[in-house]
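Q: Pasting a structure below so you can have a look.
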Amino acid sequence: MTTTRTRGAGATSFGPSALLGIPAMAFFAVFAILPLGVALYLSFTQWSGLGSPEWVGLENWRTLLTDSSTAHSLMLTIQLMVLTWLVQTPISLLLGVFLAGRQRYREILAVVYFVPLLLSSASIAIAYRNLLDPNFGVFSGGGLGWLNQNWLGDPSLTFYVVAFIIAWQFVPFHTLLYQGGARQIPQTLYEAAAIDGAGRARQFRSITLPQLRYTIVTSSTLILVGALTYFDVIFILTQGGPGDATRILPLDMYLTGFVANKMGLASAIAVVLVVLGMVLSLTISKASGFSKMESQLDGEA
Amino acid sequence: MDKNVIRTMSAGVAVGAMLLVAGCSSSDSSDEAATSPDTTTVWTTAGTDDVLEASATRWNADHPDGQIDVQIFENDPYKTKLRTAISAGQGPTVFSGWGGGGLKTYVDAGEVTSLQSAFDAAPDLLDRIFPSVLAGGTVDGEIYGTPYNGVQPVVIYYNKDVFEQAGVEVPATWDDLLTAVGELNDAGVAPFSVGGASKWPYLMWIAYLTDRIGGPEVFQSIVDGEEDAWLDPAVIEANTMIQELVTAGGFVDGFSSVDANQGAAEALVYTGKAAMQLQGAWAYSGTYLTAAPDFVESGSLGWTTFPTVEGGAGDPANVTGNLSSYFSISEGASEAGTANATDWLLNGVFDDTYVDELMATGAVPPISGFDDKIAASSAPEWNAFVYTTAQAAGSFQLSWDQALDANQAEALLTNLEKVFLFQSTPQEFSDAMNTVAQEG
């Protein structure tokens, strides 16, 4: 490589100038960093959305820590996180590996499985609302026995129904991830294993799973951190109800801020969500060695 | 940091979060002055759009210097948008609201212009409007909002065919009602339909029962923020009766997932799956007449007032519901804009043509001396019922979620739902609400 002639100093390094990053950085600062700072500021104020915010110090944070309804919302969020992970991971892992096969009919199945992801959350929620309606829904015709339940109105059922619908919506996406991951696994490994006499189950356990571990990390991070942002589906399905049975933290933030007009407290909840999301994603990365990710091809690792 | 910068930024964050910024960025007051000096913007929610727009068109033809521009929004997004826009100093000249606690927060924040002196100068109009309805637009003895659409008391609708087949009488007292519940259940029909998934329909039950048991003073003391007002025995008794009604099978199966906003609660009544519904007057023209015109026109839809409660202190003529929607003038509006808006509100709204058009939509204006017009309207029996019910009411209580501040209203919806679902006892409900009320 020849040294490029430049007018400015310090421009001898290769690649595009750092100046090209400025618009993006400016955008990020204005639309991400600055609002975050304002939210942090608001969390120390009392503000109804009208007039000027009034500084109240740590009062919102004290409310947050002592108020049992926030704790309830946080618990629900964590439960939903774990539940959706437990439902989505095995299903999408198995589906993804299955669909990574090369037979033609699997492509058609892949398209069918993919359909829920093509629908918007709002339409999914409205569709399920109507399907599960105890008086006019699909199960209300009679003869379907236990299926005709008050799915979205029974406090002991609704949480699981919501988790199911969310899983239904996002399984295709994670299936796609696993499908991609599984297709990257060299066929030679399977051939060698077959020669050694390993059956399908053994191949799955000893080759597929270990080879997919980084995909599992990626998918799990998306599921777990994503659980902090479930809002649209639940808002339309239940509005956090019945009672507060599905009032997860993001919904609690919305209702506190935009319905009860307590912007200060809502900002504090927002900050909690941001911190929670960052801690979670950093922990998963660290614990799984994701940051040291290496190529798995050509005999490495 | 400059206070205004913080204000604007904070508002900006709120707007960004709601993705509602698109529509209001161009309505900055200074921009407005530069582009169209004489336009008075009016923000309102959907409902009587045609009537308002017709009024604005007439007004604009006569007033080249003071144009009215009516902009219609959807209900729930509107509340957030209005709050954000006004907070950022970009609100409309005239905005619509529901009176009560919501209006009070705007008045307390100094964002609303008083209409008192304008009304004092127009005593005729002041006399025509039902005092109970005008009270909803009054804060601390001063008028800040003027009603502009129909009066909407909450009544019991019932399916006459179902009542006939089951051999049930229309309940006049609470005991009658419980008897009817038993008979209807025996006949295999759900007694009451309620749109529980939307939460707010539950409010009508506690509002009526509290009023019948303890009189309007009980809720008034809650609105006034008096200490331990939520612990009043009448509130606890009302919730106890609600739970008795639920236990007796008073509501349709799965009532907690019936969506009121999609008309499912009304559908249960006109399809004969449920016999009755406690709902506001808006359901008549808004749902029954549009979704099941044959049912209404064949005379199968009946209506009656809420039953009396034996030994209760409240006057059985009292009603609860939505008084009307109100127009208020923003404090931030220009002088010319305020003058034009005031002129329009007092002379362009509720003039004869306006009232005729309003009544043609099935709404009943809260204006006295209207009996002739009602007799000549398209639904004379219904309109007369609403009109007399509203006019005869000694107390016309604004729906609780509108009368209270937003914080208590939000907590009320959640806690009341827990009562209906037996997740809370009546005592726990009152304790929870009392705690919220004390937070201030």
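Just so you know, glycine gets a Cβ as well, placed from its N, Cα and C.
The shown structure was predicted, so the numbers you read here are calculated from the model rather than taken from an experiment.
The transmembrane segment annotation in TrEMBL covers A:20-44, A:74-101, A:108-128, A:157-178, A:212-237, A:263-284. The domain 'ABC transmembrane type-1' annotation in TrEMBL covers A:74-284.
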Q: Which residues of the same chain, at least 6 past either end of the transmembrane segment (A:108-128), have a Cβ under 8 Å from a Cβ in it?
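A: Here the qualifying positions are 95, 99, 152, 165, 168-173, 175-176, 179, 232-237.
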Q: Between the stretches A:74-101, A:157-178, A:212-237, A:263-284, which wins on the count of C-beta pairs under 8 angstroms to the transmembrane segment (A:20-44)?
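A: Ranked by Cβ pairs under 8 Å, first place goes to A:263-284.
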Q: Relative to the transmembrane segment (A:263-284), which of A:74-101, A:157-178, A:212-237 accounts for the most Cβ pairs at distances under 8 Å?
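A: Stretch with the highest Cβ contact count: A:212-237.
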Q: State the non-local partners of the transmembrane segment (A:212-237) in its own chain: residues 6+ outside its ends, Cβ under 8 Å from one of its Cβ atoms.
A: 77, 80-81, 84-85, 88-89, 92-93, 97, 121-122, 124-126, 128-129, 152, 162, 165-166, 169-170, 173-174, 177-178, 180-182, 185, 246, 248-251, 254, 273, 276-277, 280-281, 284-285, 288, 290, 293, 296
